[in-house]
Amino acid sequence: MIETTGNAINRTMSPPTIYCGSATLSARRSKGWCEMESNEERNSEETESITSGVCGQVENVDTSNELNNCKVLGYGIGHFYNDLCASMWFTYLLLFLEKVIIMRNSVAGLIMLIGQTTDALSTAFIGVLSDLSSVPFCFRHCGQRKSWHALGTVLVTFSFAFIYNKCFICDQLTTDWKLFAWYAPYVIVFQIGWAAVQISHLALLPELTYDESRRTTMNSVRHGFTVVANLIIFAVLSVLLYLDDSGSAVGPRDLRHFNIVAGMVIVLGLVTGIIFYTVIKEPSRNGHIIVSTSLRYQCGILDAFKLSLLKWMCRFQFYQVGMLYVLCRLYINISQVYFPFYITHLPNLSKSLALLGCLCGFSNCLVIQFDAYFPIYINAVLLGATQAILLITSLSAVAKLIRQDTGSGAFVYGILSSMDKISNGIVLQMIELFSPSSCMTRDSAVDCTSFYRMMVVVTPISCLLIAFFPIFGDDSLSNLNSSQQSYR
């Protein structure tokens, strides 16, 4: 017997299960998906008490214990490994492939596109799987979300060491496509692991707390560690290049510097990952009752129906938040990828001084339009603050969109992240295809500087201007709290 908490209605295990399934199937037959949402609002109190008492308790999360500061920091550091890798990926991958490995621009861009596409597809796929079950074998003891996090950590560790390393099957006369065949598989494995860590970590947030302000605080701490990760990468690489600075541009001789930084990323990431697994305990998903696997699966039919893709597609706020999130990520990533290219092609800056400029963040886009080197370091703070505000705001908007529908948290983050990764990959490949072919040589500094200046200015500013539409286009974006209640 299962005793519901709402109206103290006693039911056997079988009738509520049949009811959940039949209600879902009948609704599918009789109504459209969008119409079904409004029909749900007119359900009787008895129906709500049955579904919340039986199906709802399956996904109930104990939020009685307030998260302390230690757990908030523990959650934020759980994505630190990914942040270190992402800093290397977006800021230095194309620079590494084109200047150190000596790969053609279009082929390097293709590797980036494959990586972003793999990330997008695996993000959506892992998002669905993460909502359904945990990873089997030894990972399942970590918890449903943390098991995917642990699996992703293993994949990232295995692949990252080979990405920023030399091609062990290549010689001096090797072709670009042989280099492509060597690096592409490791990039694919890396992106699958990176997506598993990202989605599981984001989906864990709504399950740790329902408090909106607490979620925003945890997102801010998470972004704070992202900034720290960027500063560590920039600082270490700048020091290494400074100690070996001969006034030359970044080239094949700097391979060992990237090897050292990659090794440091792996060691530091594993240490912070262990801290995350130790401090954060994933909330129980069984509530205060024990139900059989079959009951959970059958009641999950109704949950999956409520939180399906078609239902989210019927919400206008989903498109607003999605557009805002994608544009914010484009603004950040394009600036992060091509700012080093622009700096390293400035004729009066050596490689160490150029990379040292990234210690303060990234340059303000408008200042880059002018040949003023000193303001770059001052306005880096402005662009860094802009990126922080955009990222925290967009992540908070997504968390508010999900609210207490934590069962589909990974699904929503997966869809939005997939849109983000695909758009980034396409834009980056387009830029690489149109980049001057003469940029492979140092003599073309003037042409390349003009091209990369335009990319760092025009593309991010365009994203920022378009982002005003989802922000001010409709008041519903600021009223997600009330509108979310109408779907219950």
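Glycine is no exception: its Cβ is also placed from the backbone N, Cα and C atoms.
According to TrEMBL, the protein carries these features:
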TRANSMEM  148-168  transmembrane segment
TRANSMEM  180-204  transmembrane segment
TRANSMEM  224-243  transmembrane segment
TRANSMEM  255-280  transmembrane segment
TRANSMEM  318-341  transmembrane segment
TRANSMEM  376-398  transmembrane segment
TRANSMEM  451-472  transmembrane segment
Message = Check for me, if you would, whether the transmembrane segment (255-280) reaches the transmembrane segment (451-472) - at least 3 Cβ pairs under 8 Å, residues 6 or more apart in sequence.
response = no
Key: When counting Cβ pairs under 8 Å to the transmembrane segment (451-472), the leader among 148-168, 180-204, 318-341   = 318-341
Positions on the same chain near the transmembrane segment (148-168), where near means CB under 8 A and six or more residues out = 78, 81-82, 85, 88, 92-93, 96, 101, 126, 129-130, 134-135, 139, 142, 174, 178-179, 182-183, 186-187, 189-190, 192-201, 204, 255, 258-259, 261-263, 265-266, 269-270, 273, 276-277
Note = Per the Cβ filter (under 8 Å) with a sequence gap of at least 6 from its ends, the transmembrane segment (180-204) is approached by 75, 78-79, 81-82, 85-86, 97, 101, 103, 107, 110-111, 114-116, 118-119, 122-123, 126-127, 130-131, 145-149, 151-160, 162-163, 167-170, 280, 282, 395, 406, 409-410, 413-414, 417
